[in-house]
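Notes follow the structure.
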Amino acid sequence: MGSLKNEEEADQILEESKEAILYVNGVRRVLPDGLAHLTLLEYLRDIGLTGTKLGCGEGGCGACTVMVSHYDRDFKKCVHYAINACLAPLYSVEGMHVITVEGLGSYKHGLHPIQESLARAHGSQCGFCTPGFVMSMYALLRSSRTPPSEEQIEECLAGNLCRCTGYRPILDAFRVFAKTDDKLYTGVSSASLQEGESVCPSTGKPCSCKSNNANDVDKDRKCIPSEDRHKPTSYSEIDGSKYTEKELIFPPELLLRKLNYLNLTGFGGLKWYRPLKLKHLLDLKAKYPDAKLLVGNTEVGIEMRFKRMQYQVLISVMHVPELNALNVNHEGLEIGGAVRLSDLLTFFRKVITKRAAHETSSCKAFIEQLKWFAGTQIRNVASVGGNICTASPISDLNPLWMAAGAKFQIIDYKGNIRTIMAEKFFLDYRKVDLANGMRVHLQEHSENWVVVDASIIYGGVAPLSLSATKTKEFLIGKIWDQDLLQNALKVLQKDILLKEEAPGGMVEFRKSLTLSFFFKFFLWVSHQMEGEKYFKECVPLSHLSAVQSVHRPPGTGSQDYEIMKHGTAVGSPEVHLSSRLQVTGEAEYADDSQFPPNGLHAALVLSRKPHARILSIDDSGAKSSPGFVGIFLAKDVPAGNKIGPVVTDEELFAEEYVTCVGQVIGVVVADTHENAKLAARKVHVEYEELPAILTIQDAINAKSFHPNSERCLRKGDVDHCFQSGQCDKIIEAEVQIGGQEHFYLEPHSSLVWTVDGGNEVHMISSTQAPQKHQKYVSVVLGLPMSKVVCKTKRIGGGFGGKETRSAFIAAAAAVPSYLLNRPVKIVLDRDTDMMITGQRHSFLGKYKVGFTNEGRVLALDLEIHNNAGNSMDLSLAILERAIFHSDNVYEIPNMRIVGRVCFTNFPSHTAFRGFGGPQGMLIAENWIQRIAVELKKNPEEIREKNFQGEGSVLHYGQQLQHCTLAQIWNELKLSCNFVKAREEVDLFNGQNRWIKRGIAMVPTKFGISFTTKLMNQAGALVHVYTDGTVLVTHGGVEMGQGLHTKVAQIAASAFNIPLSSVFISDTSTDKVPNASPTAASASSDMYGAAVLDACEKIKARMEPIASQRIFNSFSELASACYAERIDLSAHGFYITPDIGFDWRIGKGIPFRYFTYGAAFAEVEIDTLTGDFHTREANIVLDLGYSLNPAIDVGQIEGAFIQGLGWVALEELKWGDGAHKWIPPGCLYTCGPGTYKIPSVNDVPLKFNVSLLKGHPNVKAIHSSKAVGEPPFFLASSVFFAIKDAIRAARAEMGRNEWFPLDNPATPERIRMACIDEFTSPFIKSDFRPKLSV
């Protein structure tokens, strides 16, 4: 490329261009005027680059990650970094080079080593998040002058979410890029080189040039360093030579081109300016006083998209030199308002290496704080000034600016500059996460150290960052000792006040944190001062861990399984069939389908009240909205308005009453997605509000239950057992179980169109149940099912959330499509998706348990209720499974379980991985743990005493056969060395007061089958072609779980052909009719058996020909059969045998077999803040002879991490009695900004998975077992390990009694359960943080 001597030379070479341009994947594109309203993501998808995905629209999930490059004229170098395309305004990347996943590699022309590595390491399941991960890693490699460390790799992925894999295989795939194995790029293995030699990046041949200058790394990063501790394994030997294309270079035109002043427009009169000088900016601000200044658009973008704020003038200030200053001078650091946070972080790190330690304490505090802010993509664009001036997701810096004594320079449009102390700057602040900034200045005085100055700042305790001024005044002049600490804590309590129903809730938690943080600060200062003359305040060794900053080392893991091959493919750890398409972004999802030229976009008109009568609907505003085409209400539905998967108790469009916030009232169609949403918002509905039921307890009090939804199972005589004196002890308690959002990365989407003049309707949908879409649309339009076709290629995650709740969305879009005879696409925004499509059911369980002094359980009386929401959906079946699993793995002679389905004014809750089973088992493990406390024994001892075994008869009459629970438990106990782990944890807890560790071992038993008998059937269609290839279609949906891969393996083994000869077509209702939803973990069993049935039929027809002579290939045999006019197509069918249950008598065999497992977990908690991390997780699962052990291990890890979210991280907050600061019936946690699913930082530091060996399952295909749901509950081992750690903390205060802990065990719940002197001023001993149930 060459470098330019100066900017004048650039001017001579290329005159300033007036047109706005952008390079995308090396292709020059001119950006016309009028697109200021578009994001980069919308533009990319509009030009056909659909590899970049829309996951959340708020920069929280990373699915839209791309890399941008621009030439930095100050440093004379190209800069590469990852950004969220969903937030970046299109014109903000003008003059830059954008590289998307399509710019790296492709299925046809070869994969980039990053893509190849991820595909082979099983790092892509549903594949929707995969392009984002690829681009984050690519940007790291392109921007690193030296190979990144493992920590840097993990850090660069912190802004990317995955709901399927559990992250471990992704980290393993990318870890190879922290090695020096040059084979990745050259095909020469480092193992074959002589000592001192390496592979030359230029020639690809061994040489010793690198040994002369270790730092001279080729700028395109062709050499990847290696560490011996990562032994090459089958999944990380990436042959980069398959990839022949070179990296895309930075376009020379952009090197030579000067930046332009931009003055562009967008939809609705929007104006976009890009000034290049401070004077231009001030002139624009004078002309447009209400203009919004942008750098990264991380806050304004969210305000415009989600808070519906309309700004008419946007000014991009990222290229104003004065706002990008980063200087060190005699007064301190000078930081421009437009400096990006990632640049600030780099700057602070540089300053620390060059200045004395006492000068840089504030810099260190900023570095520590910035590490936890958002993801890399946000830090790469968010600015210092934007962070200061708005309540962005990362404005926890404000308390630090205040504590550091920062001064802000503010300029007005006339050029007048005023300086103001940070402490006095903040007038309004809307963030509620607690952060703090503290500083003291100590001086030695009369052999004591005295406070001469102090600053104590808190964020998140008021509408603004708050200075604890009374505490500051108290501290000044005092000696730094224990008396100061105790008295300062008393002053602080009165200094920081929070109202009972303060926005954000968690009032007691936030109050206690103000004291905890000050105590931590006191310890930290005392520790820093140790060794100073006359300093007497020593920190006890047991307190030191409270002040050490958290360092997360790179994780490690193992996957232990045996390969039991059957034929050519079954049993082999093959990679996901479409993984290579997924890593290149070429795999198509519903929203990627080619949009027809006359297509329309739909948006739903939703209720804003939890319970109300509709008085009137005024659509005049919508009709005058730009791009509007039509609005359709209940009166416009062609046929039936009543729908429902089991009971038809739902309306497609609400007619007279609404029974939840988010209920669909109608649908609007317009020319664009944004115009449709705008028009839908303009529909004005008048309501008469009615009383709403917003909790399970409200429903119980009001007897608000869904009709015919009570269930009861009995075994033995519970009442007699309690009364007869057999039980030495009887305990009673209540368990609250929180819900969980599915958070599939791909939102609900459907494209519906008519065929043959409206005689038929076809659709492509993101659903687990195409047949339900077919049925709903048939009912709503009045068409026979034979004229409605639903196709699904793959979906970007489902987890049960797309089993029934996707169908009404497709049906709503079908109405305008059918009536207007035009294609209609509907894609839900993430916040709408979370609000209206239902979640995992919250449960309320009340138990009474009788047991002996030895710990043997004799009787269980259990009453459970689930929160169904405003329609039945699948809630009764979910309650039934919860009842079936309420024993978990325990032998209980006397049982009575009564369950009811509660009607509440929330959107209907629905299926979610485990389908009620985890809730039932969690209640069981709660009372097991309670018995252990009562008897002063380990919970594991109580568990073992009560295990079921071979021949045990369950409370619903089924007898256990082939029970492997004992083998699994013993293997796990041995592998984690439980006795030693217990001793080590107790020793650690004895030596550390404020950091505690806990361990737990938890078993599970999960029944495999749909509990509704008629759903246990499956069909498949198999075609053999004359070239020897096989096409398979079946009724199951590929959603990342590897169903198609396993089915293809079964077909390949059946015909004894290579796996590559089998292709699985999309799931379609016109190929296989009446298919059950892909759910209940049973799909591999059922569809695998149906495909095998079809294959066997074809093989039987081929046999007479095959027996005549030896054929050289399968294609030769197929051609011979064709010549003999033998039918090479067959339909296969399978029904699950020997199952059935009768609720009238409460007896039967609901399950074909059980999948058993157990997990061990060790956690560490910070008792002062409630923070925790999982140090270790070991899992053992019995999967018989696995069809594909690599895919099964991926399912186990993904389920475990998703379960970890349910038990410890993910809290749904609804507007109910517990959260009065949220509008009634509304969901507050409706995006990644407020709802936290596990990220790469939540993976256990040691994560080991083992499959039980030598136990084939005689009751399923090829001796395998189902895997999707069973491992989910094993994450409760983390929950009970947390509880074990809390128990150790409470013991420090002499509190050894049992205590309740609801899930999720969030920092609030952990902190408030660790009762100490910092919580006692605010809560009573029976305090229980509020939970939406």
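Note: Cβ is positioned from N, Cα and C throughout, glycine not excepted.
Note that the structure is a prediction, hence the values are computed from the model and not measured.
Non-local neighbourhood of E1269 (active site, proton acceptor): R913, G914, F915, G917, F1006, A1080, S1081, A1199, each in the same chain, at least six residues away, with C-beta under 8 Å from its C-beta. Look at TrEMBL and you will find E1269 tagged as active site, proton acceptor.
Other C-beta atoms found within 10 angstroms of the C-beta of C61 ([2Fe-2S] cluster 1 binding site) number 30, with every protein chain shown included. As annotated by TrEMBL, [2Fe-2S] cluster 1 binding site applies to C56, C61, C64, C86.
The feature [2Fe-2S] cluster 2 binding site is assigned by TrEMBL to C126, C129, C162, C164. Here the Cβ of C164 ([2Fe-2S] cluster 2 binding site) has 29 other Cβ atoms within 10 Å, regardless of which shown protein chain they belong to.
Per TrEMBL, the feature FAD binding site maps to 293-300, F373, 383-387, D396. In sequence order, I335, G336, G337, A338, V339, R340, L341, L344, L397 make up the list of same-chain residues 6 or more apart from V384 (FAD binding site) whose Cβ falls under 8 Å from its Cβ.
Annotation source TrEMBL lists Mo-molybdopterin binding site at Q768, F799, R913, A1080.
Under the heading substrate binding site, TrEMBL lists E803, R881, F915, T1011.
On the 0 to 100 pLDDT scale, the domain '2Fe-2S ferredoxin-type' (18-104) averages 96 in this prediction. The domain '2Fe-2S ferredoxin-type' annotation in TrEMBL covers 18-104.
The feature domain 'FAD-binding PCMH-type' is assigned by TrEMBL to 265-445.
Taking L293, N297, E299, E803 as the binding-site residues under consideration, the smallest Cα distance to C86 ([2Fe-2S] cluster 1 binding site) is found for N297. Those residues of the chain, other than C56, C61, C64, C86, with a C-beta within 8 angstroms of the mean position of the [2Fe-2S] cluster 1 site C-beta atoms are L41, K53, L54, G55, G57, E58, G59, G60, G62, A63, N84, G132, R830. The record gives E803, R881, F915, T1011 for substrate. Within 8 Å of the mean position of their Cβ atoms, the other Cβ atoms in that chain belong to L874, A877, I878, E880, A911, G916, G917, F1010, A1079, A1080. The local packing around C126 ([2Fe-2S] cluster 2 binding site), expressed as other Cβ atoms within 10 Å of its Cβ over all shown chains, amounts to 29. Neighbour density for D396 (FAD binding site): within 10 A of its CB lie 22 other CB atoms from the protein chains shown.
A 10 Å radius around the C-alpha of C61 ([2Fe-2S] cluster 1 binding site) takes in these binding-site residues out of C129, C162, D396, in sequence order: C129, C162. Here the candidates are the binding-site residues C129, C164, R881. The one whose C-alpha lies nearest to that of N297 (FAD binding site) is C129. Same-chain residues with CB within 8 A of the center of the C126, C129, C162, C164 CB atoms, the [2Fe-2S] cluster 2 site residues themselves not counted, are S124, Q125, G127, F128, T130, R163, T165, L745, G796, G797, G1040, G1198. Spanning the listed Mo-molybdopterin site, residues Q768, F799, R913, A1080 have a farthest Cα to Cα distance of 13 Å.
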